[in-house]
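Feature list (source: TrEMBL):
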type     : residues : note
COMPBIAS : 1-22     : compositional bias 'Basic and acidic residues'
REGION   : 1-37     : region 'Disordered'
TRANSMEM : 109-126  : transmembrane segment
TRANSMEM : 153-171  : transmembrane segment
TRANSMEM : 178-200  : transmembrane segment
TRANSMEM : 206-232  : transmembrane segment
TRANSMEM : 244-266  : transmembrane segment
TRANSMEM : 320-342  : transmembrane segment
Amino acid sequence: LQESESENKLDGETASDSESKSEFGGSSPVPTSDDTPEVLNRALSNLSSRWKNWWVRGILTLAMITFFFIIIYLGPMVLMTIVMCVQIKCFHEIITIGYNVYHSYDLPWFRTLSWYFLLCVNYFFYGETVTDYFFTLVQREEPLRILSKYHRFISFALYLTGFCMFVLSLVKKHYRLQFYMFGWTHVTLLIVVTQSHLIIHNLFEGMIWFIVPISCVICNDIMAYMFGFFFGRTPLIKLSPKKTWEGFIGGFFSTVLFGLLLSYVMSGYRCFTCPVEFNNDTNSFTVDCEPSELFQLQEYNIPVVLQSVVGWKTVRMYPFQIHSIALSTFASLIGPFGGFFASGFKRAFKIKDFANTIPGHGGIMDRFDCQYLMATFVNVYIASFIRGPNPSKLIQQFLTLRPDQQLHIFNTLKAHLVDRGVLGSLEEA
């Protein structure tokens with residue numbers, strides 16, 4: 001009777017509430033709380049809860065920033081590993097919320113299947129990334145070449161195995177709950193895994209495309225908190241009652257200025273601006289190249305309106321700094337909506353934080369909710385305004401073709417260049 005009543009209520013808040021109460025047992029996950037280290041509790045015992053939270057967040061923020069500098073120093077491969085670890089922890093935090101509801105029914109395979117699907121999706125994305133960016137390495141090693149050739153078929157076969165396992169795990173009277181959890185797992189994979197791989201793609205384009213966007217989000221988070229803490233009076237959004245317009249606006253201007261300064265400093269170093277490539281001679285990954293025009297100082301005319309204010313007619317800056325304005329603007333105006341989305345999610349399940357991994361900050365997902373949205377924007381921005389066809393990748397693929405295919409492409413290209421008059425001018429030169 002309870003199942004048929006809930007099936008008749010398909011729309012509206014009442015239907016949603018009744019389904020939650022009947023199928024999720026009328027209970028919510030237990031809210032999480034931060035585990036502040038005892039040494040900090042003793043040191044800050046005389047402060048009010050407001051200032052105690054301020055100091056705890058500040059100290060842990062400095063610790064995380066220091067750790068961020070260390071992994072940047074260790075290079076892109078370590079950064080990629082850290083992104084992978086963060087992805088797994090975020091997935092674990094979200095899946096655990098669903099598992100806290102699900103495990104009371106003692107239904108089989110939910111946690112096992114969730115992690116299996118994570119493995120499948122990571123195999124697919126990492127395989128695509130390795131083939132795309134390190135084609136020479138893949139073609140040189142026989143096992144990698146075979147895996148690359150049949151990569152998508154293998155990935156589909158792995159996913160199909162998990163799909164069949166899910167169907168076999170269905171238990172009578174709990175079908176709807178199991179399909180809820182199936183959807184929960186796939187939405188988590190879409191949000192966490194897909195976007196974490198976009199971060200890795202941005203990293204391979206050059207560490208500057210990884211560091212500047214992430215730093216802008218961190219700067220906006222810190223400055224919005226600081227402005228809101230000291231000057232905040234006007235509530236910004238009901239989903240996050242502590243967020244204020246003063247913090248939102250202060251964070252915006254601070255982030256744009258920070259993005260310009262950070263971009264200027266990083267654009268002068270090849271280790272930050274060059275893409276990650278595999279060197280056949282040294283059998284290692286390298287970050288060395290001739291800087292592109294994006295990272296070469298150019299002179300720009302200042303608008304006449306501003307010349308009287310700043311006292312300059314021209315300014316020398318890197319073209320990347322102009323792009324950094326777009327990145328920092330997105331980080332401060334649209335990026336926070338990733339945090340608002342996460343706040344709505346936590347309110348829906350009556351939890352304070354995704355976990356209590358970081359005292360004063362909650363879980364890893366609480367710190368990276370805006371980063372994932374930022375990563376997607378950066379990837380789209382690079383594809384739309386920055387990256388063109390890569391000649392080296394085209395040549396690598398050309399060399400793997402059969403001789404008759406190579407000859408056909410050569411003749412076609414030659415005829416095209418002759419028609420355009422390019423080949424004739426080259427021969428005369």
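Glycine too: its Cβ is placed from the backbone N, Cα and C atoms.
TrEMBL: automatically predicted annotations, no manual curation.
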When counting Cβ pairs under 8 Å to the transmembrane segment (244-266), the leader among 109-126, 153-171, 178-200, 206-232: 206-232
Listed stretch, out of 109-126, 178-200, 206-232, 320-342, that has the most CB pairs under 8 angstroms to the transmembrane segment (153-171): 109-126
Sequence-remote partners of the transmembrane segment (206-232) [C-beta within less than 8 Å, at least six residues beyond its ends]: 54, 57, 61, 65, 68, 72, 76, 79, 199, 242-252, 254-255, 258-259, 262-263, 266-267, 271-276, 287, 295, 320, 324, 327-328, 331-332, 335-336, 370-371, 374-375, 377-378, 382
Surrounding residues of the transmembrane segment (178-200) on its own chain - C-beta under 8 Å, 6+ positions past either end: 23, 80, 83-84, 86-87, 90-91, 94-95, 98, 102, 107, 110, 113-114, 117-118, 121-122, 125-126, 129, 166, 169-171, 210, 371-373, 375-376, 378-379
